[in-house]
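Take a look at the structure below.
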């Protein structure tokens, strides 16, 4: 892609998200989301592969549907209340419709069906942008309006997403689909606590972005998109394979890695709010997700040669990727748990 076109598209992505962050008017927020969608569509279709074009079409249709629902919900709210202010979402119909639209935008279950299919059709770097940056603007709107949305709806969305995110990933062999289901499960953790402690949602979103970036960048470095090819990583680059395994365990939420921190705090908050059954359900759902991360770790570090892999072993070419971003994200993914008291002090 032409570097000037790429610069325009990336700056439009940044502009769309910033516009939604800064807006207090519904139309401006909607406009930011639309700029975001239109800016990422050419990035998704840049390889001209039929799967990439199909993924772009699916993504565009779901995002356009969600944007139309947001516009309809905000118009309904303005009609009922006479105000376009984001913080004044007092109409129950409008707030439910709005939450459904944003759930479709970020891929919360049961509006998640587009997410694995779209992510599977993209290359790893565009998939990284879709899994991280594209979640920021909708989450800014959800956090601003969470107090006006029905708590039962938020709880149901959270539990459903965590369960489906775990179950859906169990039977997958494609790493991008596994990461899509991982994303759905993490979104569930963020939504379940948003009505009680929005700062914990922001913490969970921050750690999710760090861990997902580390995963995508390490997979890009080892040029891997399937579990079969993952099994050949160890003989090519043992250091990268062992750190990738730790990054995956961090995504699963095992201590003493960074991924344990948001899960620990969210379970603690749910227990404080006297919701032991929901907390137990969430903890058990996290175990389902942990299974497929362990499966990836097993394929990567315990199935060393001589092994029978059906995949074509990639050549041991030197990667052209800069090693600094993966190194920084991996360090953050593995070592931020001791910072928990500082983060607690900042968030409370």
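One is the number of the first residue shown, and numbering goes on along the chain from there.
Every residue gets a Cβ built from N, Cα and C, even glycine.
All annotation found in TrEMBL is predicted automatically rather than curated by experts.
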Can you check which of 92-113, 114-135, 312-333 TrEMBL lists as transmembrane segment?
92-113
Select from 32-51, 152-171 the stretch of residues annotated by TrEMBL as transmembrane segment.
152-171
Excluding the flanking five residues on each side, which residues at least 6 beyond the ends of the transmembrane segment (239-257) place their CB within less than 8 Å of a CB in that stretch?
182, 211-212, 214-215, 218-219, 221-222, 233, 263-264, 286, 289-290, 293-294, 296-297, 300-301, 330, 333-334, 337
Mean pLDDT for the domain 'NADH dehydrogenase subunit 2 C-terminal' (290-344), rounded to an integer?
81
What else in the chain is close to the transmembrane segment (92-113), if you only count residues 6 or more beyond its ends and a Cβ gap under 8 Å?
33, 62-63, 65-67, 69-70, 72-74, 76-77, 80, 134-135, 138-139, 141-142, 145, 148-150, 153-154, 157, 160-161, 163-165, 168, 180, 183-184, 187-188, 191
